[in-house]
Every structure is written in C-alpha cells, then in structure tokens.
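Asks: What TrEMBL records for this protein is below:
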- 7-28: transmembrane segment (TRANSMEM)
- E164: active site, proton acceptor (ACT_SITE)
- G193, A194, S195, T196, Q197: ATP binding site (BINDING)
- 449-474: transmembrane segment (TRANSMEM)
Amino acid sequence: MERRYMPVVIFLAAITVGIIIMVVISVVQNKPLYQKYKYGIVLDAGSSHTSVFIYEWPAEKENNTGMVQQKHTCNVKGKGISSYSANPQGAGASLQECMNEAKQKIPAHRHPETPVYLGATAGMRLLRMENEEASKKVLDSVALSLKSYPFSYQGARIISGQEEGAFGWITVNYLSENLRKPTGTLGALDLGGASTQITFVPQQKIESSDNSIDFRLYGNNYHLYTHSFLCYGKDQALKLSMGKKLESTLKTDPIELRDPCFHPGYKVPRTVPDVFNTPCTKELKLANENFLHVGLGNWSQCQQSIRKVFNTSICSYSKCSFNGVFQPSVYGDFGAFSAFFFVMDFLNLTSDSLATTKEKLAAYCSTPWEKIVGNHPKIDQKYLSEYCFSATYILTLLEDGYKFTSNNWKDIRFIKKIGDSDAGWTLGYMLNLTNMIPAEAPDMPLMPYGGYVTFMFFFALLILVLLLLVYLYFRRSTRTAQKDII
Ligand SMILES: Nc1ccn([C@@H]2O[C@H](COP(=O)(O)OP(=O)(O)OP(=O)(O)O)[C@@H](O)[C@H]2O)c(=O)n1
Ligand SMILES: [Ca+2]
C-alpha cells in the first residue's frame, strides 16, 4: 500500500473504533436496571383489622406514574389495634407474624433503606376520644414493635379523616394513570368499619375550608372535595342504628329488638352495652342489660330505620350531604372500595341498575336465616347475618347521604384492586411521604429506550457507510488522476 494512503486508513480505523465505542457505551449506559427494585411498607391499622402492604418499584423510574405496585399483603391475625386498649403490648406483638413475612419478601440488602409507615384510622380516632392515654400506649407499643425490624422506621400515627380521603383518591388515580393525562379523575368512596370517606373533584365551589384539599401533581393542580364521617363505617353505623331502635323499644322486660335489617328466623341474645360501648352511641339507661335481637327481614322498613341515622334537616350551606356537612353535587366516575366492594360483591350487586339492586336486595333480606346459613355454611355467622343491613346501609348512604341517583348510579364502580394493587389510602400515603409524585412533570426522554438504541445503531452505521463511500470516491478519483498523468 502506498504510504500516502496510510493517514486515510488510520483515520477510518479510528472512526470505526470510535463508533463502536459510542454504541457500546450508549447501550451499557442506558440499559434498564431491571433487577434494581426498591421497596416500601405501609401498615393500615384499621378499626376492624390491620393489613401490611409491601410495595415495589423499579429504582430508576420512581417518579413515573403507575410504577409503584403492590408486591404482597399480609392480614394481621385478630382485631384492629384499637381493640388492645386494655392490653397495649398485645398490639405490637400482633404485628410480628406479618413483619417477619415482610423480612422474607424483601431482599435483605434493601432492608435498611425500606421505609415503614403505620397509619391508624377511625378505630384509633374513637379510642383517642374515649381514652387518650390508652390510644398513646397502643401507638407506643406498635412503634416499639416496628422499630425492632431491620427496616427504616418512619413513624406510627393516627391519620386524619381528610388524609384518609385524599390519599385514597391519589391511590386510585395514580393506579388508573389519570394523573398525567388530560382525562378526568376518579372520585374515591371508602367504607371502613368505623368511618367512611368521599373524595372527588367537584364542579362547584367548595364552601367549607375543612372539606377542601389542594394538590399539585405532575404539573397539574387538583382542587379536591373530601369528607370523612366518623361513626359512619358499617360496624359503627350498625350500632348507631340498633341504638336508635333500642331507644324507641318499649322498656319491657325482657326487651325484644325486632329488627327489619336481619333475616326472618334470626334470633340472638345480646347485651345493651354491646351496642353502646362506643363514643358513637350515647349510653342508654335500660332496665335490662340483655335483649333478644330478632330478625324480621323487611327491606323497606330496614331502609326507613337506617334513614334515621342521617340527619338531613340541618344545613347552613347551599347544599349538604347529611349532619350539616357541606357537599357539592357528586360529579364524574367513582371507585367505591373496601366494604363498599366486599358487601356488594358478596351479594352480586356490583353491576345492576339502582332499581334492580333494590329488588334483589329486598328478596335477599326476606330470605329465611336458616336458608342463608344453608347456602353459606363456611362463612362466619356474625358476618353473614349483617349483609342485609350492610347493603341497605350502603344504598341509603349513597342515595340519601351522598345524593347519587338512578341516573348516575352506573358511575359508581365497585372495585377491590386496580391492576395488582388494592384501592385504599396506603399507597397514596407512601407516595406522598416518599415524594414519589413530583409537583412538576419530570422531563420526558426524547425517545423510548428501544428507539434510542436503534437510532444510535443506524446513525453510526450511516456514518460508517458515508465514510466508506467518501474513501472509495477518494481512491477512485486519485486513481483516475494517476491514469490521466500516465
Ligand atoms: N373480606 C372482608 C373484609 C372486611 N369486611 C368488613 O368490612 C368492614 C370494613 O373493613 P375495612 O375496610 O377493612 O375497615 P377498617 O379499615 O378496619 O376500618 P376503618 O377504615 O373504619 O378504620 C368491616 O366491618 C369488616 O369486617 C368484610 O365484610 N369482608
Ligand atoms: Ca380502612
């Protein structure tokens, strides 16, 4: 080879090596780190029970919507932590089994950086009202227990009703990937054992500051209406309703509470303090401590009796739901989860019109208790006996309380999960505390990863081909020049 071509060859070789290096570096640099997951743990200390949620997300995508998923849940055995008021140590000890499970589920090298949060809801709000000292002891006990694990303990506290409503709304909208899109958002309806929450973006002005929450998420402003009704979860509402019926029952001895919300043939002895053992019901001085709870199975009478727990005669705003609480007209689609789902799903009432739902429920309530038990031999009779009441309560709360009508009934979606994750306040709570939902939308990459690699590869190839063409052209033209000289 002639000496004068040497610089061209070296030049081309250097460029080729350079391009190869460029492609290799960009591929390695941008390779998604699939194996790098991060984790977070949230304990939902509800009035009826505690659940431990483990969430996971790819480390490099934590600010993208929809990336956090529920990896595992564990239901703590026994009742909620507020039931340990007489034995606070028991509350902390009750968490051990599920927390040990969390240690197994999360890779050990991630333990020290995995945050653990405990949020307690309406059961603990009621205990705090009844006995503040006892509620502190229970919280201290669960805190001590959680600190004994290798995770990063971030606190155990009673969350407010507004937080419970707002974080439930964030959860359902994050999981439905509504937050970065111009489409509407999903309202959130949560029914617990001791409280219930309603949260949505209203079309009207929010007239009471207690019911308004503002968020800036991914560059959009959200102005939310939210309210939490303490004592209107389904277990406390049953006590409210039974308490009202007991008050109006003649003080006969023995007292017989004839209850249209329980099946015909249902007959169970109860005690008066069993109904009045909560700050939600006022203590009644009844001669007899015992009464017989007798089912009548009459749906319309049941609804009449439940209406009495909603006070719709007072309202100092332009409109109210009940008990003098401001509420704008419900607007848009709603996700109704927790006990809204458990009850309606059990009764197969999640997809009918309001009129059909009422008809089916009336038939269910009038079914003899014996037959109900025969149809569901494996279900705990305490829970089984309450479905007629619970579903009637749900219909009354949604229709008479929140003012849903037969026209917008179809806008309520009874849901348990979205994807693999449960609807509830816990995910929204963790996303907020770990700053995983930024106020401004993060910069989007120019193109997706696959497209980027393909582009880089073909672009490099193009440069190579061009250089080759230049070289060939250069060689040809110098040869022609040499020929011309000869
Ligand atoms: N599979 C299930 C789970 C729960 N329940 C009942 O549904 C109600 C609400 O349960 P949950 O949403 O877990 O309430 P908590 O979170 O415990 O209560 P709160 O939110 O009021 O603190 C309780 O009466 C519970 O017994 C049910 O019927 N079926
Ligand atoms: Ca709850």
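Glycine too: its Cβ is placed from the backbone N, Cα and C atoms.
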Asks: Counting every protein chain present, what is the number of Cβ atoms, excluding its own, within 10 Å of the Cβ of E164 (active site, proton acceptor)?
Replies: 30
Asks: Look up A194 (ATP binding site) in the DSSP assignment and report helix, strand or coil.
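Replies: Looking at the DSSP assignment, A194 (ATP binding site) belongs to neither helix nor strand, so coil.
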Asks: Comparing the binding-site residues S195, T196, Q197, which residue's C-beta has the most other C-beta atoms within 10 angstroms in this structure?
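Replies: Answer by Cβ density within 10 Å: T196.
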Asks: Measure the Cβ-based neighbour count of A194 (ATP binding site), defined as the other Cβ atoms within 10 Å of its Cβ.
Replies: 28
Asks: When DSSP is mapped onto helix/strand/coil, what comes out for E164 (active site, proton acceptor)?
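Replies: Note: E164 (active site, proton acceptor) is helical by DSSP.
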Asks: If you count Cβ atoms within 10 Å of the Cβ of G193 (ATP binding site), leaving out that atom itself, what do you get?
Replies: 22
Asks: Specify all same-chain residues, apart from the site residues G193, A194, S195, T196, Q197, whose Cβ lies within 8 angstroms of the center of the Cβ atoms of the ATP site, ordered by sequence.
Replies: S47, T121, A122, D190, L191, G192, S228, F229, L230, Y232, G233, K234, Q236
Asks: Near the residue listed as 'active site, proton acceptor' in space, meaning Cα within 10 angstroms, which of the binding-site residues do we find among G193, A194, Q197?
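Replies: The binding-site residues passing the 10 Å Cα test are Q197.
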Asks: If the criterion is a C-beta within less than 6 angstroms of any ligand 1 atom, which of the binding-site residues G193, A194, S195, Q197 pass it? List them in sequence order.
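Replies: Near the molecule: G193, A194, S195.
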